[in-house]
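The transmembrane segment annotation in TrEMBL covers 54-71, 83-103, 110-130, 136-161, 182-206, 226-254, 266-285, 297-316.
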Amino acid sequence: MGWRTALLTAFLLVTVAASLTVGRYPVGVGAVLHFTALDHVDQTVLTRIRLPRIWCGILVGAGLAVSGAGYQTMFRNPLVSPAILGVSAGAGFGGALALLLGLPYWQLDAMAFVGGLAAAAFSMVVARAIGRDSIVLLVLAGVVVGSVFAALISVTEYLANPDDTLPAITFWLMGGLGRQQLGGLIAPTVVIAVSLVLLYAVRWPLTVLASGDEDARTLGVNTRRTWATVVVACTLITATTVSLAGVIGWVGLLVPHAARAIVGPAFGRIMLAAALLGAAFVVGVDDVARAATSVEIPLGILTSLIGAPFFLLVLAKVRRQWA
């Protein structure tokens with residue numbers, strides 16, 4: 001482990017430790033360190049409320065950041081995000097439809113996950129129907145499919161009861177970590193972990209692929225297999241994160257840039273740095289969402305407020321590279 005990785009790991013651990021003390025119910029640092037000596041109420045607050053939020057934030061932040069890094073490397077485009085294939089919109093529609101139908105939350109998670117997978121599948125079918133294996137066509141198909149699912153989300157909002165269902169759909173789409181319990185995070189943890197292993201398995205081909213298809217083929221890289229692995233893994237990750245926390249933007253777009261600036265262009269290093277940074281970022285922003293005002297601010301609003309100014313810096317950097 002290099003010093004950069006050690007520093008990022010320490011940053012995440014400090015963020016997690018601080019998050020255990022943040023909230024309307026006061027639990028100090030000393031109390032956290034002496035967990036077994038706490039009374040029942042304090043232990044309940046930590047184990048049933050704050051720990052699930054923190055673990056969910058780690059999954060969402062790390063997953064979105066690594067997924068964004070994978071797509072940016074594969075598409076060789078620094079402005080690509082995990083929503084590129086319409087996965088976020090598809091998962092958002094699945095969750096919104098579940099709320100419209102009044103389904104329980106575990107079915108909401110399942111429908112959001114299936115909706116994300118369906119959007120990615122439709123994007124690949126549309127691109128393939130045109131008759132060529134092209135990344136550009138895949139991106140265009142993703143834009144079309146994402147627009148269709150965004151329209152379907154609007155339909156569900158139009159049909160929803162404005163007194164209760166519509167606010168529930170709107171708030172869920174804005175993103176948040178407060179709905180999950182530790183037991184409900186087991187399956188998402190497994191899905192994201194397996195997907196990360198898949199991405200790590202193609203770290204070298206993906207790094208080579210970033211320099212161009214011809215160079216990659218010259219070095220013996222199976223480009224189609226690498227593309228397929230990245231798309232499958234990133235789709236699973238993105239669909240899972242949306243099912244957990246709603247639609248949270250900017251994390252998968254911006255964090256990979258910070259990771260790349262810290263550790264360089266090798267995808268294996270970017271993966272680890274992006275996962276640590278993304279996890280710390282989402283957990284930290286969630287602390288602000290919980291503590292900044294008397295009511296909880298939707299997480300997606302804060303990530304957008306933070307991400308938009310940073311995106312202007314990224315655009316300026318990209319413009320200099322294109323000039």
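For all residues, glycine too, the Cβ spot is worked out from N, Cα and C.
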Pairs 6 or more apart in sequence, C-beta under 8 angstroms, 3 or more of them: is that satisfied by the transmembrane segment (297-316) and the transmembrane segment (110-130)? no
Same chain only, please: residues at least 6 beyond the ends of the transmembrane segment (182-206) with a C-beta under 8 Å from a C-beta of the stretch. Say none if there are none. 47-48, 51-52, 55-56, 59, 62-63, 66, 70, 73-74, 106, 109, 216, 221-223, 225-226, 229-230, 232-234, 236-237, 240-241, 243-244, 266-268, 271, 275
If we call contact 3 or more Cβ pairs under 8 Å (sequence gap 6 or more), are the transmembrane segment (266-285) and the transmembrane segment (110-130) touching? no
At least three Cβ pairs under 8 Å linking the transmembrane segment (110-130) and the transmembrane segment (54-71), pairs spaced 6 or more in sequence? no
For the transmembrane segment (226-254), sequence-distant contacts whose Cβ falls under 8 Å of one of its Cβ atoms, 6 or more beyond its ends: 56, 59-61, 63-71, 73-74, 79-83, 85, 87-88, 90-92, 94-95, 108-110, 112-117, 120, 124, 135, 138, 172-177, 179-180, 185, 188, 191-192, 194-196, 198-199, 201-202, 205-206, 209, 216, 278, 281-282, 298-300, 303-304, 306-308, 310-311, 314
